[in-house]
Amino acid sequence: MEFPLAQICPQGSHEAPIPTFSTFQITDMTRRSCQNLGYTAASPQAPEAASNTGNAERAEEVPGEGSLFLQAETRAWFQKTQAHWLLQHGAAPAWFHGFITRREAERLLEPKPQGCYLVRFSESAVTFVLTYRSRTCCRHFLLAQLRDGRHVVLGEDSAHARLQDLLLHYTAHPLSPYGETLTEPLARQTPEPAGLSLRTEESNFGSKSQDPNPQYSPIIKQGQAPVPMQKEGAGEKEPSQLLRPKPPIPAKPQLPPEVYTIPVPRHRPAPRPKPSNPIYNEPDEPIAFYAMGRGSPGEAPSNIYVEVEDEGLPATLGHPVLRKSWSRPVPGGQNTGGSQLHSENSVIGQGPPLPHQPPPAWRHTLPHNLSRQVLQDRGQAWLPLGPPQ
């Protein structure tokens, strides 16, 4: 008000302290007082410019460095919390002047009679300011809003649901500590309050109340002409940029149906031909244990010498006859260490040469001139190592 908050007398007391300022100065005690009273008005960022009661015309309010930022906050606060009840059919009351400075408000009220008033936005806090013409100067009162939404003059007890009701109350009840009342409002000369676009504010508030869901950009199908989008309530405003459809995606080349129906033959390796002559044949009779090889067959030895007794000679010779037998290389035989096995038996007696008998068709890997029966009966086979003599 017109004195520091530290000089506010206890509520219920009508003793007025000596005024020292034409408008009260915001201090830390003011913030504590607002918290104790439950006010929701924002704390001021810069104090109202002070002036002496006798030199009101010399007071000049210098906006702080954050004035543009403060105006943006005030505009957002007004749109969210005050516009729905203050605006009537999209029009603001005549006594609300919006963003006008303290100096301009004093210039407008200077020629007016005592008690003439107006309401404006504060230059130091996010709230309203009541400015009226007193007997000697113009006085400025900050208006606060309680947690329940009621409006009060900062430092007063009377709280009201609407700002219009608060102004009407002080036309009949004086404002302490000076005992001055309000008489008539000062109507503004502009159709809208300064710094506010009521059409935009009302349309934004209406769109948010009707459609609380977030807005999404429409999807335009290919082949359809884009429809110009206009903002709700914009009226004569030009639409912003039109949405451009994306270029069509080139189609893939079509292939003949034969490509999909006829499978491509795959190259498969030819099976290996089976050998005409097998490596070995199954014998008709079992083979003796010492004649059976172990492991995989290696290279065949060049010669194998075996001496056997021949019982088919005539008995007139009187002595056994041994003959030298030369065997052919055995296919698939083993050759241990690359050495050749030779055997030779001395001839006890010489007899007439025996006729050559073809070997029987044996299906085994032993030499053809080896008598299996002799090996089985006598079980004697001398296989000496070393070259033949």
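One is the number of the first residue shown, and numbering goes on along the chain from there.
Including glycine, each Cβ sits where the backbone N, Cα and C put it.
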Looking at 188-194, 272-278, which one is motif 'SH3-binding' according to Swiss-Prot?
272-278
Do you know which of SER176, SER296 is annotated phosphoserine by Swiss-Prot?
SER296
Among SER43, SER217, which is annotated phosphoserine in Swiss-Prot?
SER217
May I ask you to indicate which of 27-33, 244-250 is given in Swiss-Prot as motif 'SH3-binding'?
244-250
Per-residue pLDDT averaged over the domain 'SH2' (95-186) comes to what?
91
